[in-house]
Every structure is written in C-alpha cells, then in structure tokens.
Amino acid sequence: MGRYILKRIGYMFLTLFIITTLTFFLMHSIPGDPLAHMAKKLPEQIRLNYYEKYGLDKPVIVQYGKFLKNVITKGDLGESLRYPGRSVTETILKNAKVSGRLGIQAIVIGVTIGIVLGIIAALNRNRWPDYLVMFIAILGVTVPVFIIAALLQYLFTVRFELLPTTGWGKFKHTILPTIAMCFGSIATYARYMRSNVLEVINQDYILTAQAKGVSPFNVVRKHVLRNAILPAITILGPQIAGVFTGSFVIERIFGIPGLGFYYVSSISDRDYTMIIGTTIFYATLFVFSQLVVDILYGVVDPRIRVSKSGK
Amino acid sequence: MKKILEVKDLHVSFHTYAGEVKAVRGISFDLNKGETLALVGESGCGKTVTAKAIMRLLKEPPAEIKKGSQILFNGENVVEMKKKRLSTFRGEDVSMIFQDPMTSLNPTMTVGKQIMESLEIHKKMNKKEAEAEAIRLLEIVNIPNAAERVKAYPHELSGGMRQRVMIAIALSCNPKILIADEPTTALDVTIQAQIIDLLGELKEKFDTSIILVTHDLGVVANFADKIQVMYAGQVVERGTKKDIFYNSRHPYTWALLSSVPRLNTESKEELYSLGGTPPDLILPLKGCPFSSRCEHCMEICLEERPEELSLTETHSLSCWLQHPSAPKVERPEALRGEIHE
C-alpha cells in the first residue's frame, strides 16, 4: 500500500509538470500581453521598462526556464502582473480559504441530501416520492445557478428579510450561497444514487439477504447502501477539487471574495503569473483528490483493495 | 411420514406491460419430512417461481400470488404471513441457495459476516459466538482453513467454495426445508458432483427436507426421492425417481429424458432435441399446454386440458394418452432399456 501511494505521488508530480508546461506555452501563445488593454496610452519607453522588469522581453523558452527555476528552488510563483505587489501564492491561499469554506459546506450538504433523496426515490420507484425527487433533480440540473441564486436572494432578503443579500464574514453570509451551490450536487447525486440503488436491488445477493430473513431496513442499510455508494465515489473526486476553486458566478452574485473571480479575470488580463498559479493550484487539488478517491475506493470495495502484497 | 409443506392450487402471475403472464397455473404438491423433491422442467416452466413463491421472495408487484393459493408450512399459510413472521420464517424455517454463487454473495462483506448475519438474527448469538459458529459451519461444508477463510471476501474464493459458503449460510439455523434453486448449474462438472454429495450428506446431518429445482436430470437421478415434471406452469407428471426414470408415461417427460446425453451413445449420433417453443404464458391456454410440441397430439389435446390421473399411489400424470380410448403409445425405444438398471 505504501509503495502504491508513493508511486501515485510520483505520477502526480509528472502530471503537474506536464500541465504546467502546456499551460505556460499556451497562455503565451494567446495574442496580447498584460499591458495590451492600455498599451496605446503608454509611452514606448515605459512599456519596454515594464517588459524588462518582468522579463517579458526575453524569448518564451527563457521565461519558462526562469519560471521553473523559481518554482522549484524557491516555491515562488511570483507576483501578479495586474496587481503589482501582490504575491500570487498569498492571493490564492487567502481567497481559496473563503471559497473552501463555502465549497465544503455546499458539498457536504449537497452530497448528503442527494444520496438520501436518491435512495428514497429508488426504494419508492414509480411512486410519488420518486417523481418528486426526480422533478427536483431535473430542476437542479437544468436551472442555471444564477437564477436559483437570484431567486433565493429575492425570497430571503426582499420578501422575508431574514438574511443578508451579499457580503462575507459571518455564518449568515454563507447560508444563501451554500444553498444555491448545493443544488447541483443534490441533483447529480440523487439521480446517480437512484440508478445505483435500482441496480443493486436487483442483484442476487440482495435476494440472498432477504432469504436469510434480514429485515427490509437492514437489507438496505447493510447490503444495498455500500454497494450503491461505491460508484458515487468516482464522481466525488472532481467535485472535491472544485471546492476550493470556488464558483465565479456565485461569488459575483453574493459578493464573496473567493478564488473563482481570479480564474476568469487572470486570463482576460493576461496576468501570466496568476494564470499559472491558479492552474497549478487547481491541477494539484484535482490530481490529489483523484488519489484520495482511489484510496477511498479500496477502503469501501474489497475487490479492488490494492493487493495485500500479492497474496 | 409427516407432511411439512403442502402447496395447494398455487397460481402466480406477473403483471407486465404486455399483459398478465401466468407463470404458475395451479400447482399442488406435498413435501414430507426428510424428503427430497425435485422440480424439473425447461427454462420458463415456473419451477423457480414456485420455489421463490414458497419463500415469498417474489417482488409483489409485479408478481402476484393469486387468491385461493395456499402454501402451508406445518399448517400455517405462508401466503398470509405478516412481515414480522416472514423474517423469522425465512432463514429459520425455510432457506434457499441460488443458482449463481458468483453473484449471490455480497461482494463487500466477508463470508464470515454473511454467515454470522443469519445467526445473529435468528439465534440471537453475539458476535463472538456467531463467529465461532461460522467457522464450525465452514468446516462442516468442507472448506479447508476455515478459521482464516471466515475473513475472506467472496472474490477471494472459487465458485465451488462460494456455493459451499451459500450452503453454510442456508443451513446455519437448521431450517426445516432447504430450497436449492439450480445449485449446480453454474459450476463445472466435478464440482457439481461434490456439491450434490455435500447436500446429500448435510441433509441427513441437519435432518432437513430439500426442494431441488433443476433442469439437469443427471443431478436428479442421484439425489431426489420424488420428481415433478413441470411444463408451462403446470405439473405434467409426478412420481418417485423410479416412476419417472423407468416408467414415465408423459411425452414431455420422454422428451426430457431423451435429451440427456448417455455414455453408450454412438459418437456420430445426434442428441435428441425437442423442437418448438413453450407456449406464450400471456395467452390463455386451451387444451394441453404441451400439445403444440407433442408427437402424439390428438384432437382432444387441442380442445381440453387433461385431468391429473393417478397410475399408482405415487405416480400420476396429466395426459390424454392415458384415456381408455386413446391409441396405445409405447415408451420410446431409447428409454426402454433403462427399466433393467
């Protein structure tokens, strides 16, 4: 097991290296540069000075070498080109904390409710609870998140003055964005769990359990659940990664100082250091969550438990 | 002998989009204590449905056990059992092993836990007692290294071993009746023999009656006391092993027996196979269900269903050929030799 994890971590670094390299050359191949939006107004000399300061006058491959050296030796991602003086690493970490808080709340609530609803739907197949859950799920998948968000804001801040519209800092600020965000997870997991449970219920071993005299409740709890949740773990991976990167739309609507904003703005600003920084951040989380999911898989499913050293 | 199970006029239907499939159409039989009864027939003849109905394992709906059907276990009607009684009935009074040991064990639970589960439910054992008992049961079903194997997951065992585990689960609470639904079909031939021997041995040891559901007459020949041949949801012929193998009278039984490969067949000789398909169980059956495939079909067979007729105390069948005015039809040549063992 230890060796397996080490090997996986090795691959993780390889993957990250490839992603970083690709992104670096891709972003430099987009026309324009960090000064493009104001280039016409700037005197030529200032522009050249700026390029020189950030090394943008050198060939891309040299910039890449310098960037790699900084990252590997100092762990330094540099400072933002758009907001001079702000360190990329610090900006990411500070904002990811905000996004993370919101994301974790949303995913925990969303996954829990989704799984429960999915099970209820499956066990009441083709009866009203099933139709109700599937109706909610289809709404959750098809209605865009900004509509749900706006609706929530209208309901809870305009009609019933219970919660603040926007802002950040207290728990009450997180309630509406969490609800808006978890709608998607509820929908995804409810649909996924429903089909998994329906599949597992028809397996022979469920019949065996019933033939043993296991009560209907325990059949579900002991035999159906574990086997049905297994496949759902697979789709958990990318979602965990998404937790810390935040949601651009939600953060905009609720005025939350999260990380989502930087993903979009850094690209339109050609803020090279920020683009690379956010990319590395997301890629690391993504690859790492895949590893976690794989290990988790082994815990839940003995069939793919990574071998007890070949025995 | 004491009757432990009486099935009276059992009708089971499945409600599908295409219509009502009448899978079992009025079956009656008795099972005595310590007896082995085989239900024989081709796929879709209702033998598994009958077995599952006895344990009330059919999903209702779409399945429906029709009103008037009676399944009496020691005089108690299973059809009318409430949920609570059912969960003690299952596992404690009657238990079941299934066709495919590859899929009938929970893949995410150790085999030990799966055996312990029924011990904890029915015998109210605590974990420790149950585990010791599980090890003992694994030893009884001849699994070597039982103390270690209780911790194994199903995927770590071979098909034969898994079926042994299934048997251990089924017998863990000393059921009065064991229903074996094609217990050897998914296994290879050498393992089949072992499992059948084991079942026979354990039947004595645990003093249970067995209902064996199978389409393999080879298995039946070794094992069963009584045989019921089923076709299209009805029993067409029943009798002791001797009655069926050496003195069967129903053309369908002949067809079944003829299609069993024999050691003395010439290598070039083609194995007998019965043409046609069983009747559509959605449609109402007029006349004898086998008439469309029967070599000896007469006009009456298409019109009216034959009543069950007893030849001897043990042997009875439903066939118009037994009618006094029907033409004399002899047992097929190939089967005749078997009268002298």
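Glycine is no exception: its Cβ is also placed from the backbone N, Cα and C atoms.
Annotations in TrEMBL come from automatic prediction, not curation.
If you look at the transmembrane segment (A:12-30), the same-chain residues 6 or more away from its ends with a CB under 8 A from one of its CBs are 60, 63-64, 67, 267, 270, 272, 275-276, 279-280, 283-284, 287-288, 291. The transmembrane segment annotation in TrEMBL covers A:12-30 (among others).
Sequence annotations record features per position, and here TrEMBL assigns domain 'ABC transmembrane type-1' to A:96-297.
Under the heading transmembrane segment, TrEMBL lists A:102-124 (among others). Residues 130, 133-134, 136-137, 174, 177-178, 181-198, 201, 220, 224-225, 228-229, 232, 236, 239-240, 242-246, 250, 256, 258 of the same chain, all 6+ positions outside the transmembrane segment (A:102-124), place their C-beta atoms under 8 angstroms from a C-beta of that stretch.
Within the chain, the transmembrane segment (A:131-155) has long-range Cβ neighbours (under 8 A, six or more residues past its boundaries) at 117-118, 120-121, 165, 176-177, 179-181, 183-184, 186-188, 190-191, 194, 247, 249-250, 253-254. The transmembrane segment annotation in TrEMBL covers A:131-155 (among others).
Per TrEMBL, the feature transmembrane segment maps to A:175-192 (among others). Long-range contacts of the transmembrane segment (A:175-192) within the same chain: residues 102-103, 105-107, 109-111, 113-115, 117-118, 121, 133-134, 136-141, 143, 145, 148-149, 152-153, 156-157, 163, 231-232, 235, 239, 247, 250-251, 253-254, 256, each at least 6 residues beyond the stretch ends and with a Cβ under 8 Å from a Cβ of the stretch.
What TrEMBL records for A:228-254 (among others) is transmembrane segment.
Counting only same-chain residues 6+ beyond the ends of the transmembrane segment (A:274-300), those with a CB under 8 A from a CB of the stretch are 5, 8-9, 12, 15-16, 19-20, 23-24, 27, 67, 77-78, 80-82, 88-89, 91-92, 96, 226, 229-230, 233-234, 236-238, 240-241, 244-245, 259, 262-263, 266-267, 306. Here TrEMBL flags A:274-300 (among others) as transmembrane segment.
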